[in-house]
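See below for the structure under consideration.
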Amino acid sequence: MLSRLASQRLIEVRQAFRLSSQGYRSFSTALNYHIDGPDNNPDLPWEFSEANKAKVKGILSHYPSNYKQSAVIPLLDLAQQQHGGWLPVSAMNAVAKVVGAAPIRVYEVATFYSMFNRSKVGKYHLLVCGTTPCMICGSREIEGALLKHLGVERNEVTKDGLFSVGEMECMGCCVNAPMIAVADYTNGSEGYMYNYYEDVTTQRVVEIVEMLRKGEKPPVGTQNPKRIMSGPEGGNTTLLSDPKPPPCRDLDAC
């Protein structure tokens, strides 16, 4: 009975994701298993470029020869950069071959970390912080504004291949919430970078998108002109001078 229900549920899930692969990829990075497609299957050849082969050697040199599997994460990251921001299964197989591991060991890593994209993303992958402080400050509205402006669903790529929208958990600057990160894959692995934009509004994120579309570089960091980095609007109101030393200790004598 239970096995029959489980089998039926698996069939339903597979059917749903076959439909999603035909147009709606909003959940394509959410599952921890792989479904073959014309642009993502183990029969497609994949190998590191000549330039990246040298980087592979450099990465492996950081680990003892009998611990090459420790290099899986940086090698997957390099493969993702080379492949335009996402990891096909053939790239994971290539990494497994480099480190001498069973492919499943590499799949386990790639499916665990959300930074690895297992479906196509845009040249600019817009990641909205979804952690509690950003949600309280309007991150869902930020995401909604991006999706509406671009005319896509989450993790779906725009027709021109430039943009996609995803979610990232905690970017580490809660005091400047809400914020987004932009993974820039326009120059491949040579110029790959993350840029962070803080104190964003629904209007400002659309402006950032249009600046990127024109090839411009929006200023990173806080988008609030009244703030300097993480400082309060209007400047500091406390800690305006050096703190007084404790009366029981002569700091100058230290």
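Each residue, glycine too, has its Cβ placed from N, Cα and C.
The feature [2Fe-2S] cluster binding site is assigned by TrEMBL to CYS129, CYS134, CYS170, CYS174. A C-beta separation below 8 Å, combined with a sequence spacing of at least six in one chain, links CYS170 ([2Fe-2S] cluster binding site) to CYS129, THR131.
Counting residues 6+ beyond its ends, the region 'Disordered' (216-254) has Cβ neighbours under 8 Å at 173, 175-176, 195-201, 204, 207-208 in the same chain. For 216-254, the entry in TrEMBL reads region 'Disordered'.
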Sequence-distant neighbours of CYS134 ([2Fe-2S] cluster binding site) in its chain (C-beta under 8 A, six or more apart): VAL128, CYS174, ALA177, PRO178, MET179
Residue with minimal Cβ packing [other Cβ atoms within 10 Å] among the binding-site residues CYS129, CYS174: CYS174
Shell of the [2Fe-2S] cluster site beyond CYS129, CYS134, CYS170, CYS174, same chain only (C-beta within 8 angstroms of their C-beta centre): GLY130, THR131, THR132, PRO133, SER139, GLU169, MET171, GLY172, CYS173, ALA177, PRO178, MET179
